[in-house]
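Starting off with a structure, shown below.
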C-alpha cells in the first residue's frame with residue numbers, strides 16, 4: 001500500500017509539526033508515504049489524482065481503528081490519498097470525489113490537530129498490518 005497525505009497548509013503549531021514529522025518518520029518503516037502540503041483546498045484533488053481518496057470531513061463516517069484497517073486492506077496494492085482541508089474545510093468538489101468521507105471525531109478539530117490525529121491513526125493501522133504490538137484492541 002502506498003499512502004499519500006495531502007494537507008492544506010504546513011502545521012505552524014510546534015506540537016503538531018513535530019508530531020506529524022515523527023509519525024511520518026515511523027510510518028515510512030512500514031509503507032511508502034508521501035506527505036504533501038498545498039496552499040488552497042482547490043489544489044488537493046490534483047495532488048490525489050490516480051489515488052483512492054479519503055476525505056477528512058466532520059460529516060463523514062466514524063470508523064474504529066480496526067474498521068479503518070479493514071477498509072485499507074480492501075485497497076491493498078492501490079495508492080490511497082488522505083485529504084485534510086484547511087480552517088475552512090473542503091470545497092464541495094473535493095467531497096464529491098471522495099471514495100470515503102471519514103470523520104475522526106464528532107467534535108470539530110482544529111485542522112493541524114486533525115492532521116496529527118490522522119497521522120497517528122495511519123501509523124497505528126500500519127503497525128496493526130505488520131503485526132507490531134503498538135495497537136492493543
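Yeah, the Cβs are placed from backbone N, Cα and C, and that goes for glycine too.
Below are the features I grabbed from Swiss-Prot:
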type	residues	note
BINDING	56, 85, 104, 105, 106, 107, 108, 109	S-adenosyl-L-methionine binding site
Just report the maximum Cα pair distance in Å for the recorded S-adenosyl-L-methionine binders 56, 85, 104, 105, 106, 107, 108, 109, no decimals.
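For the residues that bind S-adenosyl-L-methionine, the greatest Cα distance is 16 Å.
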Sequence gap of 6 or more, Cβ distance under 8 Å: name the residues on the same chain that satisfy this around residue 106 (S-adenosyl-L-methionine binding site), in order along the sequence.
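Listed in sequence order: 58, 62.
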Let me check the 10 A CB neighbour count of residue 85 (S-adenosyl-L-methionine binding site). How many other CB atoms are there?
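Step by step: centre on the Cβ of residue 85 (S-adenosyl-L-methionine binding site), count other Cβ atoms within 10 Å, giving 23.
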Sequence gap of 6 or more, Cβ distance under 8 Å: name the residues on the same chain that satisfy this around residue 109 (S-adenosyl-L-methionine binding site), in order along the sequence.
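Within the chain, residue 109 (S-adenosyl-L-methionine binding site) has Cβ neighbours under 8 Å at 117.
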Neighbour count first, Cβ atoms within 10 Å, every protein chain included; then name which of 56, 104, 107 tops the list of binding-site residues.
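Result for the most crowded candidate: 56.
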How many neighbouring Cβ atoms, not counting its own, are there within 10 Å of the Cβ of residue 105 (S-adenosyl-L-methionine binding site)?
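The answer is 11 other Cβ atoms.
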